[in-house]
Amino acid sequence: MADKSDLNALSGRFRGYYPVVIDVETAGFNAQTDALLEIAAVTLQMNKDGWLLPDETLHFHVDPFEGANLEPEALAFNGIDPTNPLRGAVSEHDALHAIFKAVRKGLKEQGCNRAIIVAHNAHFDHSFVMAAAERASLKRNPFHPFATFDTAALSGLVLGQTVLAKACLTAGIPFDSSQAHSALYDTMQTAKLFCELVNRWKKLGGWPVPAGESE
């Protein structure tokens, strides 16, 4: 069990929150009506010196839920064919159940109280995860119901860029545009970006908070 008073521990860095990077690919913008087609998650860890690093990765292609809307423009944009049997897609329930199980394990190991979604334009990904969890009747959702860490906002502050590819390149993180709009690739790059932003703030002296400012 991690010590919450240890500022080099994950639980001490984010006030007991356990950050998990998420990216989804969908068949539209409406989380209630449009299909979730792909999801990836990257958990994070702190090393002994307090530097944030990617940890475990989970990735699933997802079958559209019954009656889901499939917007042709969205499918053309992300290049996903929901009917392709080679996708190896699973149900929303199975995908989220596996992710939630891994997240709850990480919560316990890191001594955190609750998971929080990290994503680029996080409201979008958060809304699809929450809607899918409700459809799948998954009661033990480890994620905060509304709070998120948004790397688009953080990148705008730190790097002057809000587009994922431009933010990564500005931060010195390679970004292959030909792999963009794959949930797996975007999640991995977003995880690297979030770690870079958090670690850069530490290097600049912003963390731990100077004595007197945290009181």
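For all residues, glycine too, the Cβ spot is worked out from N, Cα and C.
The active site, proton donor/acceptor annotation in Swiss-Prot covers HIS181, and the record cites sequence analysis as its basis. Mapped onto three states, the DSSP output places HIS181 (active site, proton donor/acceptor) in coil. Residues within less than 8 Å, Cβ to Cβ, of HIS181 (active site, proton donor/acceptor) and separated from it by at least 6 positions along the same chain comprise GLU25, PHE77, ASN78, GLY79.
Sequence annotations record features per position, and here Swiss-Prot assigns Mg(2+) 2 binding site to ASP23, GLU25, HIS181, ASP186. Other C-beta atoms found within 10 angstroms of the C-beta of GLU25 (Mg(2+) 2 binding site) number 25, with every protein chain shown included.
What Swiss-Prot lists as Mg(2+) 1 binding site is ASP23. Residue environment of ASP23 (Mg(2+) 2 binding site) contains 27 other Cβ atoms, counted within 10 Å of its Cβ in all protein chains.
Positions annotated as domain 'Exonuclease' by Swiss-Prot: 20-194.
With a 10 A radius on its CB, PHE29 (site 'Important for substrate binding and specificity') counts 12 other CB atoms from all the protein chains. The site 'Important for substrate binding and specificity' annotation in Swiss-Prot covers PHE29 (among others).
Residues annotated as site 'Important for substrate binding and specificity' in Swiss-Prot: PHE77 (among others). Around PHE77 (site 'Important for substrate binding and specificity'), a 10 Å sphere centred on its CB holds 13 further CB atoms from the protein chains shown.
Taken from Swiss-Prot, the feature site 'Important for substrate binding and specificity' covers PHE124 (among others). The Cβ of PHE124 (site 'Important for substrate binding and specificity') lies under 8 Å from the Cβ of VAL24, PHE29, each of these being in the same chain and 6 or more residues away along the sequence.
Marked as site 'Important for substrate binding and specificity' by Swiss-Prot on the basis of sequence analysis: PHE146 (among others). Long-range neighbours of PHE146 (site 'Important for substrate binding and specificity') (same chain, six or more residues apart, CB within less than 8 Å of its CB): HIS126.
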Next item on the list: Enumerate the residues of the same chain, ASP23, GLU25, HIS181, ASP186 excluded, that satisfy the criterion Cβ within 8 A of the mean position of the Cβ atoms of the recorded Mg(2+) 2 site; list them in sequence order.
Entry: VAL24, GLU38, ALA40, ASN78, ALA180, SER182, ALA183, LEU184, TYR185, THR187
Next item on the list: Note down the number of other Cβ atoms within 10 Å of the Cβ of ASP186 (Mg(2+) 2 binding site), including every protein chain shown.
Entry: 25
